[in-house]
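Undergrad: According to TrEMBL, the feature transmembrane segment maps to 12-33, 143-168, 175-197, 209-234, 246-269, 275-297, 309-328, 334-358, 370-389.
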Amino acid sequence: MGAVTRSLRVPAWVAGLVPLLLVAAAVAVFAALDAPGIGERVGPPVEELAVERTVLAPGSIELTLRNDGPDAVTVAQVVVNDAFAQFEGAAQPIGRLQTATVRVQQPWVEGEAYEVALVTASGGTVVHEIPAAVETPHADAGFFGLMALLGVYVGVIPVALGMLWLPWLRRIPPAWLRVLMALTIGLLAFLGVDAAFEGFELAAEGSQAFGGAALVLVGAGVAYLLLSGVSAWLSRRAAGASGTRLALLIATGIGLHNLGEGVAIGAAYSAGALALGAFLVVGFALHNTTEGLAIVAPIARQRTTLPRLAALGLLAGGPAVLGAWIGAGAYTPSIAALLFGFGAGAIVQVIITLLPSLRDDDGRVLHPGAVAGMLGGIGLMFATGLLVAA
């Protein structure tokens, strides 16, 4: 009688953990032995610095730096407009991904351009340009109050005004309502593309060590998956309230977009690059009023309550206030790029959810009315966007 072989049964979690432990051990041994066989690297050190924030005060220019490269960087000299300037800060080498603040003693004239060159200990140069020097506002209670008011002007009030179209939407025929739903998709498509381009532009300005443009894609993917999960959960909870679910998803997507928009506005004002005035407020009001129409279009055939409408409006417009605070007080291009990615991904998910609502009596999604509505939405957002001088 042959011997009976009994297999050793190992728990699944152990089988999954063993390869990770072996990889960690191999990396630790490799690092402890100082990369045997590789030899020393030849050539100059790789020095990369990203300027994440610029603060101008009377008689000084303060730069927040982040080391983007693999090697430590020492700031040896600072040159402003081809003249050496005294500075303090960054006395120690800046390690990879570490930050340091350099305060340059430099009288400056409001409105003039300045080029600040950071000379490293190895002779490398990192150039940062200030297109127009403006004193950075102090982040006190009055300043954050102004940012909140600006967020309300460009986010909450325009969305609320757009939602006033609900009584009219209840009286139009179903065919026209489908056209307006297509208009909503056109509006959202414009916002999604706008958010993506804004994110890519900001990512190029910030630290590349965190991924650069990939931050926008990561943010978009995370937002898309999260909103898809929320949509599926809402579908299971209330299958009969599809209009309310769509309105909630649209408000969430627009809210994430307005969060990124608020960050850009707050950062621009903090840097002195935003012209506050009636024209700016009117431009944003006209541009964002169409977002309110997009929110109420799915619930035109459903009964709703005033508190629910108010909650949808705050969800869509309120993040502009939070974004303005972030942009004015804790802005970095990488954070802004990630937030714009969130907005773009959420909007893509909402568009995919909305597409089935466009079907006509023949089951077509891209019928002439839907195509006209989408193109109209894109054109409307483009036209009102021309009024925003920010």
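Heads up, the Cβ atoms here are built off N, Cα and C, so glycines get one too.
Automatic prediction, not curation, is the source of TrEMBL annotations.
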Undergrad: Is the transmembrane segment (246-269) in contact with the transmembrane segment (143-168), using at least 3 Cβ pairs under 8 Å (sequence separation of 6 or more) as the test?
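TA: Yes, since the transmembrane segment (143-168) and the transmembrane segment (246-269) share at least 3 Cβ pairs closer than 8 Å, they count as touching.
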Undergrad: Need a quick answer: max count of Cβ pairs under 8 Å to the transmembrane segment (309-328), which of 175-197, 209-234, 246-269, 334-358, 370-389 is it?
TA: 246-269
Undergrad: The transmembrane segment (209-234): which same-chain residues, six or more beyond its ends, come within Cβ distance under 8 Å?
TA: 50, 66-69, 96-97, 196, 199-200, 203, 245, 248-249, 252-253, 256, 334, 337-346, 348-350, 353
